[in-house]
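**Student:** Take a look at the following structure, please.
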Amino acid sequence: MTEDSPAKSILPRVVPVMVPMPADRPYSYAVPDGAKAVPGSIVRVPLGPREVAGIVWDGAGEALSAKRLRPISEIFDCPPVAEEMRRFVDWIAAYTLSPPGLVARMLLRAPAAFDPEPWTEGLRLVEGAGPDRMTAARNRVLEMAGDGQAWTRAGLAHAAGVSSSVIEGLREQGVFETVSIPPQPVVAAPDAGFAKAELTPDQEAAALRLRERAGTDAFSVTLLDGVTGSGKTEVYFEAIAAALERGKQVLILIPEIALTQAFLERFHDRFGAKPGEWHSDLAPKKRERVWRQVAEGQVRVVAGARSALFLPFKELGLIVIDEEHDPAYKQEDRVFYNARDMGVVRGHIGDFPVVLASATPSLESRVNANQGRYERIVLSSRFAEAALPDLATIDMRKAPPERGGFLSPVLIDAMRKTLARGEQSLLFLNRRGYAPLTLCRVCGHRFQCPECSSWLVEHRFRGQLVCHHCGHNEPRPEACPECGTLDHLVACGPGVERIAEEVDRHFPEARTIMLSSDMMGGVKRLRLELEAIAKGEADIIVGTQLVAKGHNFPAMTLVGVVDADLGLANGDPRAAERTFQLLAQVTGRAGRTGRKSVGLLQTYQPEHPVMRAIVTGDAEAFYEREIAERERAGLPPFGRLAGIIVSAATRQEAESHARGLRQAAPRATEIDVLGPAEAPLALIAGRHRFRLLVQGTRRADLQGFVRAMLERGPKQRGSVRVQVDIDPQSFL
DNA sequence: AGCACGCCGACT
DNA sequence: GTCGGCGTGCTC
């Protein structure tokens, strides 16, 4: 071709760009002359009054009047977002009924990483040069830097154990010259053969099978189901080794990774290097470096929270989802998704294996295994030194606590004996604060949240009444706001603060630590406390949920569950499953190093299937029963079923939405309001959230009528939020 | 998601 | 007479 036709040279080239906002399709932008924008390119584009980062999408840009068309401002020098990833975004958008722009936004969360990492200034020893006077500090620095390598100022100062002013002094004297050094890897490369753990025959067989499945370039899902302490981690490490040997990148999803630093150590022990970390607590600078190096393929393994699913891997070849049943995998704001399910979808799109691991798999994963969609590998025994704890219920009707207390004499006695042996006790109560309800003894006034009408929880340590639903808080008054009577407010029911107080009363000499997610000092403080406990610097630990998650406390030989019934009676279709999982996880904290250990569950219904399953250890029977029950009730994840979450101020309002939905739904569809949605933390301006179950419809029908409903009017759109909650495996 | 525009209450 | 609440609408 010799010359472009005139028409061609006038018309600008147009590409679709996905911008990080709720657009339901990409916008069109002009590509500046000479610029090279390919699908996946990350670009800076003008959007209204500001500039944003976007991703060049697939297909042709739609024709647009030249007046509205604006040019791309910059094409970042960054590896393009892979085609797989773009399909993943489109899939999630379609599945969750979210605008694709909002999904794409989750990929664009590391703004400064789109530019290459800058080279940094380093120092190198000048050959033959020496300082005017030698000091001990200077000597150490010269020894460290004697290898002729370039060092960063801070790195050298740290390695030599001197302050950076020593280095600066030497540089001024010409002992060091400044050189440019390329960006350093954020983590060292893992070595698949570094230190394979000794496995029991059981584990070895599982690892072998997992290597076979997970070691090939084909989609598969394997459910690794093993009791706490059976060494699941060591087993799936072998699958990771196999993927690394294939030259693939690996993603390990872990709930609450910010608190499970011990995991990084275990990984290091096996692979000789830490995995790249990814979670919301990461320092911004580190975040950018991890993002960039994942994109460039320098970071081979990432251990991260659910958002790590949206990292721009260059050659991802395995996803491991640890504690796959964990509700923390659900995101319930903006784009509603479950990272476990999306991880499976990601593996399907990328055609690589996925491993789900849990001691207490979710019902849907068990069903998927039963139906042959997943392969299930079972690890049934703890490894040699770690014995399973003896579990028993304490019937609170027969052994009630003393007046004003919440701990049964049976539990207190067990704690006393544990203390006497110099071992640790854990008391678990899944309720933050001091007391869940405060009322006035004179007039009966109950403290309610003015925003959302749930009970206010007293936090005595902070002197506040707090709404756990919407975050509202107010100082705890002396007098009743209703009748004005002073000093007659009474706390009802226990929270961890109150249990810690009771423990102090019984065991004033013991070292008691209370752990709660709302503790002063945040994640950092929690980490320190967990380390202190692991080192044996506490006798009694009182904690919420977070103590159930993956920490190993070697000296812990007694676990007491203060209220095992909590959560069984809230109308949630997952109540029994969730309670079983939580109790199994928390009692599994005991006896991890082989000492004889005990788990005691305080309950008013010792004959409840959940209690029976925990005490007898017969999880199989429990799962079968739960699955059968769900099938009978026609609840997800079985059959063609879906859930919708609406947010509304009251249950009445939710009911009215349900009526509206019923009218919009196909005739074969049934809709029921099932009470509060599972996640208490998703806050939609202090509104209550209810889960509607929509039954008897195919996914396409459901999406159709949900869309129809959303289009019925602006008023409806404002008050109804929709989440479609179907098991995606049914549609792969 | 941001951000501007636009129409009704308490104030320099 | 203005400052400012957040309801509605738009961004290539």
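Backbone N, Cα and C define each Cβ position, glycine as well.
Sharing the features that TrEMBL gives for it:
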DOMAIN    A:213-379  domain 'Helicase ATP-binding'
BINDING   A:Cys440, A:Cys443, A:Cys480, A:Cys483  Zn(2+) 1 binding site
BINDING   A:Cys449, A:Cys452, A:Cys467, A:Cys470  Zn(2+) 2 binding site
**Student:** Looking at the binding-site residues A:Cys449, A:Cys467, A:Cys483, which one has the fewest other Cβ atoms within 10 Å of its own Cβ?
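**Tutor:** Least crowded of the binding-site residues A:Cys449, A:Cys467, A:Cys483, by Cβ count within 10 Å, is A:Cys483.
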**Student:** For A:Cys443 (Zn(2+) 1 binding site) and A:Cys449 (Zn(2+) 2 binding site), determine the Cα separation and express it in whole Å.
**Tutor:** 18
**Student:** Excluding A:Cys440, A:Cys443, A:Cys480, A:Cys483 themselves, which residues in that chain have a Cβ inside 8 Å of the centre of the Cβ atoms defining the Zn(2+) 1 site?
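**Tutor:** Apart from the listed residues, the neighbours are A:Arg441, A:Val442, A:Gly444, A:His445, A:Pro481, A:Glu482, A:Gly484, A:Thr485, A:His488.
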**Student:** If you measure A:Cys480 (Zn(2+) 1 binding site) to A:Cys449 (Zn(2+) 2 binding site) at Cα, how many Å is it?
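**Tutor:** Cα-Cα, rounded: 15 Å.
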**Student:** Can you tell me how many other Cβ atoms are located within 10 Å of the Cβ belonging to A:Cys443 (Zn(2+) 1 binding site)?
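**Tutor:** Within a 10 Å radius of the Cβ of A:Cys443 (Zn(2+) 1 binding site) lie 12 other Cβ atoms.
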**Student:** Whole-number Å distance between the CA of A:Cys449 (Zn(2+) 2 binding site) and the CA of A:Cys440 (Zn(2+) 1 binding site)?
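**Tutor:** With the alpha carbons as reference points, the distance is 16 Å.
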**Student:** 10 Å Cβ neighbour count around A:Cys480 (Zn(2+) 1 binding site)?
**Tutor:** 21
**Student:** If you measure A:Cys483 (Zn(2+) 1 binding site) to A:Cys467 (Zn(2+) 2 binding site) at Cα, how many Å is it?
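**Tutor:** Spelling it out, the Cα of A:Cys483 (Zn(2+) 1 binding site) and the Cα of A:Cys467 (Zn(2+) 2 binding site) are 22 Å apart.
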**Student:** Cβ distance under 8 Å to A:Cys440 (Zn(2+) 1 binding site), same chain, sequence separation 6 or more: which residues?
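**Tutor:** Once residues fewer than 6 apart are set aside, A:Cys440 (Zn(2+) 1 binding site) is near A:Arg446, A:Cys480, A:Glu482, A:Cys483, A:Thr485, A:His488, A:Leu489, A:Val490.
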**Student:** Where does A:Cys440 (Zn(2+) 1 binding site) sit by DSSP, helix, strand or coil?
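**Tutor:** Assignment for A:Cys440 (Zn(2+) 1 binding site) reads strand.
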